[in-house]
Every structure is written in structure tokens, then in C-alpha cells.
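Inspection log for the structure reproduced underneath, given as C-alpha cells.
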């Protein structure tokens with residue numbers, strides 16, 4: 001970094017595809033010394049926050065209602081934790097409260113389910129977003145995604161897991177119990193349990209719930225647009241990190257697909273930083289871009 005800025009003192013450096021154990025550490029190490037940002041953490045977070053705020057607008061509610069949205073985030077990697085951090089900061093800024101109060105509306109899941117303070121070997125980066133035992137009646141450490149969605153009835157389901165079809169978790173957990181030769185039985189179970197998580201979103205407390213399947217490429221998307229509209233209902237806001245065609249819902253209705261990919265943000269961050277002559281890229285700059 002020192003060599004780069006010695007040679008090009010007005011450069012803007014973008015970090016990309018760092019492993020999570022290095023992503024946060026290097027961002028914190030350099031962000032107050034050099035003009036730089038991590039696109040996986042901050043770019044993804046900015047795009048996700050833009051979508052979250054846009055969802056509130058789509059519901060016909062003022063942005064101040066963002067703090068009342070219950071949001072389930074699936075994926076505790078650098079992107080998922082970056083989104084959580086940015087969204088919590090935005091909620092705290094809107095209310096004027098500290099971040100502790102804002103975190104109550106957010107729920108984090110990883111490959112082992114709901115993340116709580118009871119988690120053994122809890123990742124330090126995820127610890128600030130882990131729920132306290134007993135904070136959510138009826139949910140335990142490691143509760144499944146379906147259990148969380150059914151209990152919480154979230155306004156937003158946001159996937160940054162990198163696991164294709166994870167919103168279909170009950171199918172994935174049951175099918176291996178059947179031999180591959182038992183295709184008919186497996187297919188029937190697949191049909192009956194298809195998209196259990198998406199179907200649970202029909203019980204959302206929101207009249208216009210949002211489903212963000214932000215992982216890419218397409219094979220890693222948590223669900224497709226067609227699956228989301230089919231199983232969660234016509235009246236959803238859908239966004240994805242991969243391109244999907246709009247969905248024909250019949251009777252002249254269209255299910256519109258919004259692409260939530262950080263490619264829509266990071267060029268603007270660089271250009272805006274360059275034009276403004278900013279020496280550092282702050283969280284408030286990213287929040288302003290999202291708004």
C-alpha cells in the first residue's frame with residue numbers, strides 16, 4: 001500500500017475477494033491511512049442498504065420506518081457482516097439511538113443456523129450481531145432458517161450465503177435420506193417441501209415483503225426470481241446479485257427483478273471520491289450513496 005501511494009498519491013485502491021479472516025483486518029488497518037475500500041464488505045453493503053431503503057419506499061412508508069423492519073440475513077461472511085454493520089449504523093443514525101438498540105431488528109444465520117451468544121467458537125466478527133439466549137422466545141442457538149422465518153415473520157429475507165438454493169433448506173436436508181435410485185419418492189418430497197422458506201415469507205408482517213438473493217454467480221443464488229414469486233407471492237420486492245428475467249405472473253402482471261450487485265456502486269464510489277478530492281472513504285459516504 002505504501003509503495004502504491006508513493007508512486008500514485010491520488011490513487012483509490014479497491015480491495016476484492018479477500019478471505020474473510022483478512023478482509024476486515026486489512027480494511028481496518030488501512031482505511032484511515034489510505035484512500036481505499038473493500039468492495040465485498042462496503043460495496044455490497046451499500047447496494048444492500050439501497051435496496052432495504054428502497055423496499056421501505058415501495059411499501060409506501062417513510063424512510064424513518066426502516067428502523068421497524070425485521071431483517072434476516074443469511075450468510076456470516078464478509079459480505080453478510082458488512083451489510084449488517086452498515087444497516088445497523090443507518091438505523092442508529094435515523095433514530096439517533098446507539099447501535100445496540102438498532103441490532104434488535106436484525107437476525108444473523110450461518111451454516112449452523114441462528115447465531116447466538118451460546119455459539120461455541122463464535123467468530124469475533126459475528127459476535128456483535130449474535131442474539132442473547134432467551135432474547136427470542138421459541139428460538140434456540142442454531143435454529144434453522146425456516147424456524148426463524150416462521151417465528152420472526154421478517155419484512156426482509158436477505159441472502160449472502162453463496163449457497164445456491166439455500167432458501168429451499170428443508171428439501172436439501174431431507175433428500176439425502178433417500179437413495180438416488182428412489183427418484184419418484186425424492187421428487188414427490190421435493191415438490192411437497194419446495195421452497196419452504198419462501199412459502200414462510202407469505203406470513204411476513206409486511207404487506208410487501210422483500211427477498212434479496214444476492215449471491216452470485218447465478219448457480220449460487222439463494223433462489224431464482226421465478227421461485228420467489230411463485231412461492232412467496234406476487235406482492236414481493238425481489239432483488240438478486242445475478243441477472244434474472246422479469247417473471248410473467250399472468251393476467252398481465254409482471255414480477256419485476258431488481259439487480260442488487262455491487263457493480264452498481266463501486267464505480268460511483270471511486271468517481272465520487274476522485275471528484276470530491278476525499279482523502280478517505282468513510283461509512284457516511286457509503287450511506288449517502290445508498291440513500
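Every residue number used here counts from 1 along the chain in the order it is shown.
Heads up, the Cβ atoms here are built off N, Cα and C, so glycines get one too.
Annotations in TrEMBL come from automatic prediction, not curation.
Values in this document were obtained by computation on a predicted structure and should not be read as measured data.
As recorded in TrEMBL:
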BINDING   16, 17, 40  divalent metal cation binding site
DOMAIN    41-291  domain 'Malic enzyme NAD-binding'
BINDING   216, 261  (S)-malate binding site
Requested in this report: Would you list the other residues of this chain near divalent metal cation - those whose C-beta lies within 8 angstroms of the C-beta centroid of 16, 17, 40 - in sequence order?
Outcome: 15, 18, 23, 38, 39
Report task. Tell me the Cβ neighbour count for residue 216 ((S)-malate binding site), meaning other Cβ atoms within 10 Å of its Cβ, over all protein chains shown. Result -> 18
Query raised in the report: Hey, how far is residue 216 ((S)-malate binding site) from residue 16 (divalent metal cation binding site), Cα to Cα, in Å?
Result: 14
Query raised in the report: Could you give the Cα-Cα distance between residue 261 ((S)-malate binding site) and residue 40 (divalent metal cation binding site), in whole Å?
Result: 10
Report summary line: Averaging the pLDDT values of the domain 'Malic enzyme NAD-binding' (41-291) gives 85
Query raised in the report: CB neighbours of residue 261 ((S)-malate binding site) within 10 A?
Result: 18
Query raised in the report: Which one of these binding-site residues has the most other Cβ atoms within 10 Å of its own Cβ: 16, 40?
Result: 40
